[in-house]
């Protein structure tokens, strides 16, 4: 026990230091939330500077050599404790993040950050003008910088691997490529089968739905699904997101289109899924690095599980549709449950990823993932990107954008410097959501009955117990294996799609 | 010019360091604003910690010896420049604040801060229970700590002087005591003359005024008065306040009572006055210590000038009353302008400072100021405070509270550790507002005509030019002398009161 006596004060010092850094990051998150919700335009210039200052202070405090020394001093304690004890996990996860943070020089971060802003500004001009040439030099520079960033982590198998690690730790380009290729092979024929049939009518979703009622209904909905308003709130923003300032304050935002009922409704459930994850983290982790979702993929698995597997299921609407009809009697009074259910699950070949249905969504994502890997490798030149993009849309989705605006310029990600570390999370999330949901149903078949009764207590508790409470104690890979007893695989997702869409269409 | 060549980089380094500190303080202010406006209850515990962390970081960065060294290195530059040049002022003001900050040990600040929280909690229990004994030991400790704080600044004339300096730099207890005594001598007979007359009817102000219309009207009002919504916004809070995160983002808050029209209306104009000051600061001062109002008194002079001299004037309502009547036709349709004007300027002997009218308000403040000075000196024991309080209300206002709840326990200030540094600002503000307003009218007699036309462009520009743009470059004393050509004195306020209330009552 001498180890413990010597290391206890060190552990407590580490927690104090991390808590201070966490406070700074919470303040930075609030600066961002405020910028996106309530800040008057005149605050913009100073806000950018304030955000940069707080991020710089937090980074510099986290990368102090004394943190490294503490982590070294704590090795004996870590090794004396079970791998998944809270203490060993805290030390392990902090070390992983510390070792990542110290490898990237502050000057590089500042340079990349400045470039990101310039590149974003070029994109904001280029997209409405359909002018890819405007962003081309910026994207080329982003690729150079991304490779430089990756090279701070030598010894990788693929140059994208270190970039993927930032968001989905431990996932490798080679694994993802073959996983995604398998998935594409399954999905393309399903999409073909569906789109050769008569499309569902969803025109009634585009009637006028007043904002106030949309907001009221969706707030009622997520309260019933388990979102804790004592520890959260919803505000309006241009792009919906989830953010948190502590485990006790996890907020979501939404946007409302008065001529599109599905926008606010499903984005609210989506962000609520992210929020349930963060609200469910063990309170003891407050102020440490463990108090966060474990990866982009696992986070997205929760938003998609709640949005799609729950929120677009027939059982869910068997309960809630009459309430929706009462809220919008003029618009939905004559629309049957079956017609509504089909409309919110309409599958089609479309150009815009963010509007895509569950079946085609991953095809959109995989196109981006493959192309960014090719660009990072150098096997695809930026100047040839628009053509490659259109070619892939033709082969995978059977549709070609008429302009780059609706093609290669549609997503902001690449143009804010996110290359090779972002898109995979969306498809990983979809695959994981199905694998987790299948495991939940195998343990608790009553989940589907409960959904038909308008609540998700068993499902929510199961997710809290298996996933949420652990924060980022386990990597995504460990979590999936631990929770589902198997490695990540495409079968549960394909089974889910075949079953749900097999009932909606002839497959 | 060798001086400049050597010192320019130092000045630029000082500005960079101050800008970083300013960013941290802006983030802390946002944490506070959010806590008071939108934060869900679950965020409270972490929020307290986050605020403390940011304040600690900001204090520690500001008190680094290297800041002191920079200020020393910049002495030659400061001395080579005119006193009120931006550069010399920046160095001078920063030095004053630095020398204050380094004298108070961080451990003392932490101790005092912890005590403040405990004392506040005791007060929050004691006030509704009318139980002064509950707060007595806390107030005694506050006095001990306040004396300890004062003693970090030896050489004072009165022990309250260093505490007054924090808020109203350069004002001395001896000066304020004799200034306030003079003022009391003038006010007491005026109050007696007024209150011997039949009170005005203001019962119609207590009808039902729906919140939405109250908010809409007051927002329209302050927009017309010059509040820049591009660089600000208004939200609801329990206690109204003004806060800012940059010169481009100066926000106010309000509260609405649906059974009291005057609450939201005048608190909105009051906070707008504070905000006009901060919005009017020279943009070049952004991120430095110059970008702030110069003292509590001068700040309050602006809130009171706009609230009372403009917002409760007959000319103002000659223009705006018909708009108010259109907003509330049922409630005010039959109420004449004259009746309304009398109601919002009704004078009475009352117990609660925050509800007091212009004439009696300073009597409330001076009671508190005198008593806190006596307690600091040790000539009044805390246990005898309630009796002394009641005695002063009897002699100065001719009214005695029936309970401590409406007496010595009514204000939060003393119970959050603010002893000897707070109340004087309110009366200083009233005096200064009259002295500034009189000077403005002497230069621009058209101000009164403009107010009757529903705008204040000349007044606002004059205030920007004479006061706002300078931030805290000049001390209150310098500013008053520079702007009005005279030292601070009570005559303009007494003239203002005699003139306005001489028309309303027989004096």
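Placed from the backbone N, Cα and C atoms, the Cβ positions cover glycine too.
Since this is a predicted model, take the numbers as computed values, not measurements.
What TrEMBL lists as active site, proton donor/acceptor is A:271. When Cβ atoms from all protein chains are considered, those within 10 Å of residue A:271 (active site, proton donor/acceptor) total 24, not counting its own. Mapped onto three states, the DSSP output places residue A:271 (active site, proton donor/acceptor) in helix.
Counting only same-chain residues six or more apart in sequence, the Cβ atoms lying under 8 angstroms from the Cβ of residue A:270 (Zn(2+) binding site) belong to A:240, A:303, A:304, A:306, A:307, A:311. Summarising the annotation, TrEMBL assigns Zn(2+) binding site to A:270, A:274, A:300.
DSSP assigns residue A:300 (Zn(2+) binding site) to a helix.
Summarising the environment of residue A:274 (Zn(2+) binding site), the number of other Cβ atoms within 10 Å of its Cβ, over all protein chains shown, is 24.
Same-chain neighbours of the Zn(2+) site beyond A:270, A:274, A:300, judged by a C-beta within 8 angstroms of the site's C-beta center, are, in sequence order, A:242, A:271, A:273, A:299, A:302, A:303, A:304, A:306, A:307, A:429. Counting only same-chain residues six or more apart in sequence, the Cβ atoms lying under 8 angstroms from the Cβ of residue A:300 (Zn(2+) binding site) belong to A:425, A:426, A:428, A:429, A:430, A:432, A:433.
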